[in-house]
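What follows is a short report on a single structure.
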Amino acid sequence: MNNHKLFTTKPFGAGALPMPVAPAGSVLTSKHLVSPNEPDAAFFRMIEKAGISLNETQIQAVRHDRGPLLTLAGAGTGKTSVLTCRAAYLLKVRQVDPRQILLVTFTSKAAAEMRERLADLPGISAVEAKLVGARTFHSLFLQVIRQEGCEDDLLTDQRRPHFIMKRLLKIAGLQEAWEPETALSRLSAWKSSMLSPEEWPARTSMEQQLKPVLLQYEGWKKAEGKMDFDDILLEAHKLFTRHPEVLERIRRQYAYIMVDEFQDTNPLQYQLVRMIAEPDCNLMAVGDDDQTIYTFNGARQAYILQFEQQYPAARVITLDVNYRSGSSILGLANEVISHNEERRPKTLYTGIREKGTVQYLSPLTTDHEAEAILEHIKQQVGKGKRKYGDIAILHRTASYSRAFFERLLMEDIPFVQYGNSDLFYRHWLIRPVLNHLRLALNSRDMKACEGVLLTLYIAKEKGASWIREKEKKKAKKWPLIHLMDHPDLKENQKEKLMERLKMIKSLQAFKPEEAIRQIRIKFYDAFIDAYDPEPDTQYKETLKEMLDELETSARRFTGLEEFLGFVDRITDKYMVMESLKKEDESDALKLMTIHRSKGLEFPVVYLIGVSERVLPHSTSLKKEGCKDNRFEGEHGAAAALEEERRLAYVAVTRAKEELYISSPGYYRGKQAHVSRFILQPFESRRSRVSNTAQPVPASAAKKPSAIQDRSMPEMGNASDKKTVRTQVYTAGYGTNSSQPERKARHDQPKLVSPAASVTSLSVYTHTVTKSLDRQPVSAVDSYLKPAPAAAPSFSISSIEKKERPENKPKLTKEEKADRAARMLAAKIESGQKSASPSRPAMPAKPAASSSTPSVAAAKPASKMVPAWVCTDKTCKSWVKMEERETVDRNASKDSPLCKSPMRKGIRSVQVRG
């Protein structure tokens, strides 16, 4: 089977619009934007030697001096470079003491990377880089509370809290209802939201039963003199509140504060940042509201959306040029996220030449999906096109990866599963169901007997010890029957036990899927509901999904013995894999949830399960919302759907070169439609650059000319081909603007009309040719001193001579011809801005039906534009060249009439009035 034929360029059911493509960003960098006579030119020449050439908005962020700054850093826009370069700028240009700079990250790995990158910059000594406070939240505030006398031991080894919580859950009889990790995660979320124990939610019976266990865990820590990571932040907050002098000392110590991944901060972290940043508020918050996907951990998108409300003097800069993904991948990402309402509108521009690959797959079921995708991967690796280490498979929920996990194990494909790496069939929810099936085959399976006790509301230890003692005296075919003699069992429990034994015996007659459904119908779904009686909670939906997935897995088998034999083989294979796991997993396929993939990037991404009820998740599709602490009511339902769309956006932007999106037609036995998230981009375009006078990113600014919107389809109706009003911007060097109009649209620079731009005191437009690509580009130099009345002219040849390295390879004949055609087109187009030559007016022919003398009509003016021209002399076809095509000189196109190859050239077109 040729798997390549299974993939298409559009999803099933897509609309008529072509594949979205991201517009090209400006190619101008600090080499062009920072002139030699500027005070900080030496700094930018210094970092350019290290291979760092910043674009326009990156330069603005690096040059920011004092006051609050929100830097909206879209996916792949180089925020790490901006953070390290700003720290270096403060050191070298502003002459700030390195000990007064604080750079806060979420992980130790990110903090170490910041320090390493800073130390690698020319002119920055290792001592200076080490003195800059690149810290995680926890390491920073642990140092603070240690200095103030806190001596509690930090629980750095997570196995100890896990062991203690497991023991406490077992004592409470909740070991089957709560995983230790889940209980600890719930506790962390409540503490991060700054809730006192009295405020911990107890809305469901499961939470009511868990709360005393969590209080016991907190009591154990206090008695043993221990603290966990959440306690560090809570203690620091208490310290600052009760001892203002300590807070004042920290404020004096750190004059400049930068926070990475600001959208992921929880209420406790946010309050701590606010406290130490005041009163000067020299705070640089770097984040992306479109990547807020950790609300279950307390993250709040509002911290970015309402930044100016908290800091009225704030400046906002958008990093909008993506240097990671191809234009097709980025175009899809732009369209996906554009349908969210609660966001800061922004369009990402591509900063690389590659278009990238986006293809779609429509398998019948999740098992067919796993088969087709893994076969496609093996073909790619077998042909030497890819390594397993290049590839990531991303999925929405942990249970969805079951089919892939099994097939990867059985086919011995090297892979790493991130996050909870335990086998699906070993989950606490799944084990009791499998134990009932095992008892149907072997009633004397003692391990299975113990595994079903909790579902009968019998404590595991008490019931198991009773059965073992009775078996020693008299063995029975059904050891569970010994419980009928247990003195502590009530009559209704004994009745339930007999009903259960009868049901187990009946399971032998059913196929595996039907047997599991019988278990659920008879008691198991009600058993889950008893622990969580509140309907429509996301936790309950997750549990039901796992049981649905178990049914889907069992559907492949005709008998219980066959199904359980498969489960045992998978389990054995998994245990062997775990024991042989290598430290070096660089050439292993990555299998992870979308949440785990954030902050990572991969050459090839397979995004699976992009169907309704999966992505978006079923809980986000209910009008009444999901009844948990985040999304409840009608507004909560909308918020939940927007978070699902942000998840899709994050997943798409992980891909660098190839993206494959799969949407199974059936999901767990029910028909599943292709996700709205990948259909909407083909139905309407919302990320298009507006034709009205609205601000667009400064890094995408172009010379004042009538040009075609680059986000428009290449071919289409004449009515679709509109022109965009050119917009030119002003910006100041190293200043904090407080103009209201700049805050209104995320600090976009003030609009100036094209006519006024010629004599503007703060900006002028020029055309240059980038030495590497040798294509004409336009931009606005926003960092100049007030210009004279006549804007200085720039010579293309002089700029090229200045930027061209001595050892640059010579151009081929084709490259020289291509370069000459582009420069000619640029000169012709720029020359027609002041005056467009027109031919002499020709007399009009008299109308046949009129005796009135005709009046001479002037022929419209014309201009030369870059175009594709057919190489067949008998064919007259030509196509106007899109601007993005002028960037890629290796692009090719076939004639729409004769299908012959077309070459790049120029063509005369009329200028419409």
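From the backbone N, Cα and C atoms, a Cβ is placed for every residue, glycine too.
All annotation found in TrEMBL is predicted automatically rather than curated by experts.
Fair warning: this is a prediction, and the values are worked out from it, not measured in the lab.
According to TrEMBL, the features are:
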- 52-326: domain 'UvrD-like helicase ATP-binding' (DOMAIN)
- Ala73, Gly74, Ala75, Gly76, Thr77, Gly78, Lys79, Thr80: ATP binding site (BINDING)
- 327-599: domain 'UvrD-like helicase C-terminal' (DOMAIN)
- 688-753: region 'Disordered' (REGION)
- 697-706: compositional bias 'Low complexity' (COMPBIAS)
- 725-739: compositional bias 'Polar residues' (COMPBIAS)
- 740-749: compositional bias 'Basic and acidic residues' (COMPBIAS)
- 791-863: region 'Disordered' (REGION)
- 799-821: compositional bias 'Basic and acidic residues' (COMPBIAS)
- 833-863: compositional bias 'Low complexity' (COMPBIAS)
- 884-913: region 'Disordered' (REGION)
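Non-local contacts of Thr80 (ATP binding site) by the CB criterion (under 8 A, 6+ apart in sequence, same chain) comprise Glu113, Met114, Arg117, Asp260. According to its DSSP assignment, Ala73 (ATP binding site) is in a strand. Cβ proximity to the ATP site centre (mean Cβ of Ala73, Gly74, Ala75, Gly76, Thr77, Gly78, Lys79, Thr80, cutoff 8 Å) flags the following additional same-chain residues: Val82, Asp288, Leu319, Asn322, Tyr323, Arg324. Neighbour counts were taken at the CB atom with a 10 A radius for the binding-site residues Ala73, Ala75; the maximum falls on Ala73.
Within 10 Å of the C-beta of Gly74 (ATP binding site) we count 27 further C-beta atoms, all protein chains included.
Just so you know, the Cβ of Gly78 (ATP binding site) picks up 21 other Cβ atoms within 10 Å once every protein chain is counted. Same-chain residues at least 6 positions away in sequence with a Cβ under 8 Å from that of Gly76 (ATP binding site) are, in sequence order, Asn322, Tyr323, Arg324, Ser325, Leu348, Glu601, Thr653. In sequence order, Thr71, Ala73, Asp260, Val286, Leu319 are the residues of the chain that are 6 or more apart from Lys79 (ATP binding site) and have a CB within less than 8 Å of its CB.
Neighbour count (other Cβ atoms within 10 Å of the Cβ, all protein chains): 27 for Thr77 (ATP binding site).
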